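Copied from TrEMBL, the annotated features are:
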DOMAIN    30-186  domain 'Sulfotransferase'
BINDING   Arg41, Ser49, Lys166, Gly167, Arg168, Thr169, His170  3'-phosphoadenylyl sulfate binding site
DISULFID  Cys149-Cys161  disulfide bond
Amino acid sequence: MPRTLDSQITLEKTPSYFVTREAPRRICSMSHETKLIVVVRNPVTRAISDYTQTLSKKPDIPTFEELAFKNKSEGLVDSSWNAIRIGMYILHLENWLQYFRLSQMHFVSGERLITDPAGEMGRVQDFLGLKRIITDKHFYFNRTKGFPCLKKPESSSQPRCLGKSKGRTHVQIEQEVIEQLQEFYRPFNIKFFETVGQDFKWD
């Protein structure tokens, strides 16, 4: 990490920290006062999105249903598959809580980040102790992507939108499969909501 003055905040991001077992211990040993921001979304949608992205790179992989279930007729979900395991948020959070206080963590709703980006960014700024500078006026909705984008900064001729890998149409999954996965995730979600004190309304 670069050297940071008392008046500065240094941010670093990666999607894999939250689910990497060794990450909390390593980060804590660097700085036990670090603030942590985690973006979470409906784990069923997240798994389908994960699969869609993998499929775009490896078109020969098995179907979503084949990977997601050990036995589909019995509704036996394969929780060892990474796309499923990542969405079991409470299991990852319990690992982090061995090293960090819950008050050091802020959970961003991936759904609200799309529907109300300024509101979610406002809460992030509050958590970091910053003045609310990023507001509604900094975003516009990109219909092609289906996501909000940052308006053109003065230093650039282009607005900032998510990359090509984001916003692609998800693979169509049978409603029965979605319902089986919702049932699988429900106890994990409930415990996660209770732990963080926030209901993300994923049912």
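Using the three backbone atoms N, Cα and C, a Cβ is placed for every residue, glycine included.
A TrEMBL annotation is a machine prediction, not a hand-curated record.
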Long-range neighbours only, meaning 6 or more apart in sequence with Cβ under 8 Å: which ones does His170 (3'-phosphoadenylyl sulfate binding site) have?
Thr45, Ile48, Ser49, Thr52
Please work out the number of neighbouring Cβ atoms within 10 Å of the Cβ of Thr169 (3'-phosphoadenylyl sulfate binding site), leaving out its own Cβ.
7
Round to the nearest Å and give the CA-to-CA distance linking Cys161 (disulfide bond) with Arg41 (3'-phosphoadenylyl sulfate binding site).
19
Do me a favour and check the Cα-Cα span between Thr169 (3'-phosphoadenylyl sulfate binding site) and Cys149 (disulfide bond); whole Å is fine.
18
Cβ atoms near Ser49 (3'-phosphoadenylyl sulfate binding site) (within 10 Å, other residues, all chains):
18
Around Cys149 (disulfide bond), how many other C-beta atoms are within 10 angstroms of its C-beta?
18
